[in-house]
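Worksheet: one structure, shown below.
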Amino acid sequence: MARYTDDLALAHLLADTADAISVARFRALDLHVSAKPDLTPVSDADTAVEKALRATLARARPRDAVLGEEYGATPAAGTGRRRWIIDPIDGTKNYVRGVPVWATLIALVEGDEPVVGLVSAPALGRRWWAATGLGAYAGRHQSAATQIHVSGVSQLADASFCYSSLTGWEEVGRLDAMLDIMRHTWRSRAYGDFYGYMLLAEGAVDIMVEPELSLWDLAALVPIVTEAGGTFTDRAGRPGPGGGSAIATNGKLHSEIYARLGE
């Protein structure tokens, strides 16, 4: 049995729990939405999902640490370096407006390396997952899965370029570079949040970039993209989710995009 098979099975169980809660509250007339201190929205579904996943992890992996967007960090009971990272609803702004592009993100990190990643988007009827050495897959559930791979596109002129918004790139002084990339690629679309990275892993787009993100936004995405054959760094060129930004590509286009958008 591969090393992370049991952890991946647990991630699917967590996703099943999350889906049941989030789908039941999606487009609910009594959905409660408030603003966090950073003025981003949080719904009662966000908090309910995270509470449920924390409760399951406390029973199933009591020695592991947990980090979640809504309730912060719970230290490990043991001495290990394993940490589960949860974004209960990635795309809350979509969720509260009735847009079906949102997902629960679940990652297991050992030290600084994400080794399991799962993205569940029940309103799209879609789930993506990966674990180190096991490949990346997509489907409705684990028993109905297709292995996924990034594209082989090697020329920027043939590439489909994906991003979240232009405002953040303006704030970091790279708006002109973004617009130049958009002019020189075959197609550009703002598939934001998790979705652009999953399209990248499936080979449907070739590049996905974001200038500022939190660890819970990124950790689950990294193993899916890399196990699908892609490259995932921050704007400083460091691999993984720790840098607070993302340049993710099919690998063949990475150096060119990094040269334009890197720090």
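Cβ atoms here come from the backbone N, Cα and C positions, even for glycine.
Note that TrEMBL annotation is computational and uncurated.
The model shown is predicted, which means the values in this text are computed figures rather than measured ones.
The Cβ of Ile89 (Mg(2+) 1 binding site) lies under 8 Å from the Cβ of Ser22, Ser43, Ala45, Asp46, Val49, Tyr95, Trp102, Ala103, Thr104, each of these being in the same chain and 6 or more residues away along the sequence. Secondary structure at Ile89 (Mg(2+) 1 binding site), as computed by DSSP, is strand. TrEMBL lists Glu69, Asp87, Ile89, Asp217 with the feature Mg(2+) 1 binding site.
Annotation source TrEMBL lists Mg(2+) 2 binding site at Asp90. Around Asp90 (Mg(2+) 2 binding site), the C-beta neighbours below 8 angstroms that are at least 6 residues distant in the chain are Trp102, Ala103, Thr104, Leu105, Val119, Asp193, Phe194, Asp217.
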Let me spell it out: for each of the binding-site residues (Glu69, Asp87, Asp217), count the other Cβ atoms within 10 Å of that residue's Cβ, using every protein chain shown. Which one has the most? Asp87
What three-state secondary structure does DSSP assign to Asp217 (Mg(2+) 1 binding site)? helix
